[in-house]
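Novice: Pasting in a structure now, in C-alpha cells, and then I'll have a few things to ask.
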Amino acid sequence: MNIHEYQGKDILRKFGVSVPKGIVAFSPAEARQAAEQLFEEQESNVVVVKAQIHAGGRGKAGGVKLAQSPEEAYEIAGQILGATLVTHQTGPEGKEVRRLLVEEGMNIEKEFYVGITLDRATSNNVLMVSTEGGMEIEKVAEETPDKILKIQIDPLHGLLGFQARQAAFFLELDGERFKNGVKFITALYNAYVSIDASLAEINPLVVTAEGRVLALDAKINFDSNALYRHKDFLELRDTGEEDPFEVEASKSNLNYVRLDGNVGCMVNGAGLAMGTMDMIQLAGGKPANFLDVGGTASPETVTEGFKIIMSDKNVKAILVNIFGGIVRCDRVAAGVIEAAKKVGLNLPVIVRLEGTNAEAAQTMLDESGLNLISANGLRDAAEKINEALAG
C-alpha cells in the first residue's frame, strides 16, 4: 500500500526523523492559510507548494513551485489543484491533483539519496545511500553505480552503529552534519522496521547551510501482508490514486494488475499467469491484465474477475487458463458459465482447463450452450487467440 508524501512525513516525524514543517491543503484558500502560518513560524521568506500524487517526477511536471507570499501560494494552488500531472511514473494518462503540501522553504547546501528496502536476492533489508540526490536512483545505478553504497542489514542485529556511520562517511558529511546524518539514518531504519514498510525512500535528503539534515521528500510503501498489525494505516489509503479496476479486484481478494493490451487473461498462480502473458504476446496479442484468481477460486470470484476484465474497453478477447491443482476445474467452469449469463459475454472467450476434474469441467462447458472456445494446450490456445483477434 502506498501513501502520500505528507502522510509519510507525519509518520517519520513520530520516530525522530527530521522533516520540514508542512501543512496539507485541499483548496487554494487552505493553501493560503497554510502559507500564512508557515511564514509566521519560520525565518525563510519562501514556502514550497507541492502536488500530492502517488508518483515521482512531480517537479519536472510542474507540480512543485515556490511561493514568496500567501497570495502567491493561493494562485499556485489554483493552478495545480485539479490539474493532471504526467510524469515518467504516471503513464501518459497522468494523475489528477486533489491535495497539496505547503512546506517551509529550505536553504539547501547539498542533496543526497537514502533508501531502505528488501533485497530479495539476499533476504535482507538493504540500506542504500547515494551522493546523487534528487535523481532517479535507477538511472544512477545504471550510469554511475560507483555513486551508490549498499549496506546489507542482518535481520538478527538490525542496523548497527558502524553501518550508519559508514553511510554518513560515504556521503562525505563532517562535523555536526555527520552526527545529524547518522542520527537521521538510524531513525529512518527504526521507523522502517516498526511500521513494517517495504520501502522507505528519501530523495532528496538535504543538508542545509545551517547544518540540518532533513527529508525533503519521503516515499513510504507498506507490506500489505502486515497491515493487520497497523489497522490505523488503512485510513491513509487514497483509492483515488489507485487504478479503479485494481481497487475493485482487491474487494474480491483477486490479484489484478491492469496493463495496456487487448487480451484479458484469467489464470490461477502467478507463474502460470506470467507464462500465459508471454504466450499471448507470442501469439500476436498483448495482455490487458495480470489476474491471478488464486488457489481458492469459486464461481463468485471467477464472475467478479470477468466483470473486471469486461470493464476494460481495450479488451478484444479473453483467455481463461487454469491448471487444476488446489482449485478444481469444474468450479472454474461453473464460474465461467455463471459469468457468461450474468455479465453477457460478447467477446471471444478461449478456455483451457487442465488438472483436477478437467473432463467434468469440459463437459459442463460443452453442455452450457454458450459460445465458449475450448483449447487443448497452450499452443492451441495461442492459435485460437490469434484467430479471435484476426476475426
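Each Cβ is built from the backbone N, Cα and C atoms, and glycine gets one as well.
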Novice: Swiss-Prot records Gly325, Ile326, Val327 as substrate-binding residues. Which of Asn268, Asn289, Asn371, Asn376 is assigned to the same site?
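Specialist: Within the candidate list, Swiss-Prot flags Asn268.
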Novice: Name the residues of the same chain, 6+ apart in sequence, whose Cβ is under 8 Å from the Cβ of Asp217 (Mg(2+) binding site)?
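Specialist: When sequence neighbours closer than 6 are ignored, Asp217 (Mg(2+) binding site) has Glu5, Ile202, Asn203, Pro204 within Cβ distance under 8 Å.
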Novice: Taking the Cβ of Lys50 (ATP binding site) as the reference point, list residues of the same chain whose Cβ is under 8 angstroms away and which are at least six residues distant in sequence.
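Specialist: Result: Glu5, Arg58, Gly63, Val64, Leu100, Leu101, Val102, Glu103.
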Novice: When DSSP states are folded down to helix, strand and coil, where does Asn268 (substrate binding site) land?
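Specialist: Note: Asn268 (substrate binding site) is coil by DSSP, not helix or strand.
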Novice: Using other CB atoms within 10 angstroms as the count, which residue among the binding-site residues Met106, Ile326, Val327 scores least?
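Specialist: Checked Met106, Ile326, Val327; of these binding-site residues, fewest Cβ neighbours within 10 Å: Ile326.
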Novice: Hey, of Gly57, Gly59, Met106, Glu111, which of those binding-site residues are within 10 Å of Ile326 (substrate binding site), Cα to Cα?
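Specialist: Checking Cα-Cα distances against Ile326 (substrate binding site), none of the binding-site residues falls within 10 Å.
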